[in-house]
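Q: The feature region 'Disordered' is assigned by TrEMBL to 1-39. The compositional bias 'Polar residues' annotation in TrEMBL covers 26-35. What TrEMBL records for 54-266 is domain 'PNPLA'. Annotation source TrEMBL lists active site, nucleophile at Ser88. The annotation active site, proton acceptor is assigned in TrEMBL to Asp253.
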Amino acid sequence: MRESNRMAAAGLRPWRAQAPARRSPMTDTLTEQHPSPSPTIPFPAAAPAMRTALVLSGGVALGAVEAGFCAALEAAGTPWPDWVAATSAGAINAALLAGNPPGRRAEALRAFWKAAEEPAPAFSFLPEPFLAGPPPRGAWRQASSHAAAWRTLLLGRPGLFAPRPWAALLPQDGAALHDLAPLRRRLPELVDFDRLNSGAPRLSVVTTDLASGERVVFDTGRGDRIGPEHIVAACGLPPLFGPSRIGERLLGDGGLASNTPLDLVFDTPDAAPLLCLVVELFAASGQVPRSLGDSLSRAGDLAFGNQTQRILEGQGRALRLRAALRRVAERLPAGARAEAGVEEALAEAAGPAAATVVRFAYRAALDEGGPGKLFDFSAPSLMERWRAGEAGLRAALRRLAEAPPGHDGLTLHEVGT
């Protein structure tokens, strides 16, 4: 069955945006004094009862895409989403958002990712044009990205993670090649955790229990108090990054259970319609791989991107069923609603029956470091990804401005690079 037919059967109404042209190389850095102009398309006016949410996924250095998307969202002057759900690199960005007041969120994002970037080498045998930044595609871009990724894996990144050279020789819980202690120390410098736990916006951080495989969610909306240790736990991807022990559990990267935890924002008894922005760092659609490295990178894209697609299809079916149950309930006499089994069935109709999801999927080029793209923290690559996120936000707002009125079920708008 073709993908479009499967989506229709699941109740999704796809509306794909035309992909913008491939981006040109960026030679400036995240400390630019004049950021890209903010979007001029206003966020659509939501009904007072409408819920809004933002879902951020994991992807290590690809998280700069989300940072650009969120910074542009603040620059657009839109109402901030009521709920942010995230894991891994997305959890870092989400903490920077929830732990800073409006007007300072983009500044916090920029400060974090600027500190994470790898500057150009001070001395090199290469001529100056090559040091200005890699070209948008080709052999030099691939070589440059691979080199940056290997430097990160060998040396770590200040403020994020440091290598553990003897990890393989020291048996311990969750042995890993890198230690996330630098991130644990860095987060309180940029995040006000009292503000983060104040409940506006609601924040859900996803981790995975490495013993049971269970998804473990920390949620300020349920009264959980989130600290730096929870954000660090959400980033503990074995065997690269060490897990964290919280209580009796050894917790690792939430992406092992749900890299784009979209289902969380649907799982609520609130019947108000939902408007959700999703940043997907691994696009399911892409190019045919040309090498072993390409194949490994593409496998990751498909594994994570298709994971999100299955969630969307399942939620589409659930929303259609919920709407149908409500219509049935309206036609039942009061006595019939109270019958054994009927009342329980109608209780399943609780929650939203209509949702609009805008999914921005970042599609990395095959020459963007292959499987090493996750560890390419070079300044030009981070700047390029940041700009891609800004462009994604503008495309998302345009798509919402052009969208027809909502309806029962799930309406999906796709935008991407």
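Even glycines carry a Cβ here, placed using N, Cα and C.
Bear in mind that TrEMBL entries carry predicted annotations, made automatically and left uncurated.
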Q: Can you tell me the three-state DSSP label for Ser88 (active site, nucleophile)?
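A: Reduced to three states, the DSSP call for Ser88 (active site, nucleophile) is coil.
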Q: For Ser88, Asp253, listed as active-site residues, tell me which one has the smallest number of other Cβ atoms within 10 Å.
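A: Counting other Cβ atoms within 10 Å of each of the active-site residues Ser88, Asp253 gives the minimum at Asp253.
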Q: For the domain 'PNPLA' (54-266), what's the mean pLDDT in this predicted model?
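A: That region's mean pLDDT is 89.
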Q: How big is the gap, in Å, between the Cα of the residue listed as 'active site, proton acceptor' and that of the residue listed as 'active site, nucleophile', rounded to a whole number?
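A: Per the Cα atoms, the residue listed as 'active site, proton acceptor' and the residue listed as 'active site, nucleophile' stand 6 Å apart.
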Q: Can you see whether DSSP assigns the residue listed as 'active site, proton acceptor' to helix, strand or coil?
A: strand
